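First the structure, in the form of structure tokens, and then the observations on it.
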Amino acid sequence: MQARVFLLLLGVILLGMMGPMVSAQDGKAGSCPDVNQPIPPLGVCKTTCATDSNCPDIQKCCKNGCGHMSCTRPST
């Protein structure tokens, strides 16, 4: 019984670790702008995306100055 619980927990942990790898594979080119500045860029204080695939054209899903995720142009 304990072995089953252990294997189930191990499987859940491994699946959780694979989530970031899958989302990174569908990412768009470029990198998110740096929001760790003395005066962070303004942003909509609402999450509008979860992954790059939620954003139009070349935009990426990045943290904004308000701490939420939103579509933005990648930094150059």
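Glycine too: its Cβ is placed from the backbone N, Cα and C atoms.
Per Swiss-Prot, the feature disulfide bond maps to C32-C62 (among others). Reduced to three states, the DSSP call for C62 (disulfide bond) is strand. A 10 Å cutoff on Cβ-Cβ distances gives C62 (disulfide bond) a total of 22 other Cβ atoms nearby, all chains included.
According to Swiss-Prot, the disulfide bond annotation covers C45-C66 (among others). Under the DSSP three-state reduction, C45 (disulfide bond) is assigned to coil, being neither helix nor strand. Using a 10 Å Cβ-Cβ cutoff, C45 (disulfide bond) registers 11 neighbours.
Neighbour list (C49 (disulfide bond), Cβ cut-off 8 Å, at least 6 residues apart, same chain): C55, C61, M69, S70, C71. If you look up Swiss-Prot, you'll see C49-C61 (among others) marked as disulfide bond.
C71 (disulfide bond) has a Cβ environment of 17 other Cβ atoms inside 10 Å. Marked as disulfide bond by Swiss-Prot on the basis of sequence analysis: C55-C71 (among others).
According to Swiss-Prot, the feature domain 'WAP' maps to 25-75, an assignment based on sequence analysis.
The signal peptide feature in Swiss-Prot is assigned to 1-24; the stated evidence is sequence analysis.
Cβ contacts within 10 Å of C32 (disulfide bond), excluding its own Cβ and spanning all protein chains shown: 16. Following the DSSP three-state reduction, the secondary structure of C71 (disulfide bond) is strand.
The disulfide-bonded residues considered are C61, C66; of these, C66 has the fewest other C-beta atoms within 10 angstroms of its C-beta.
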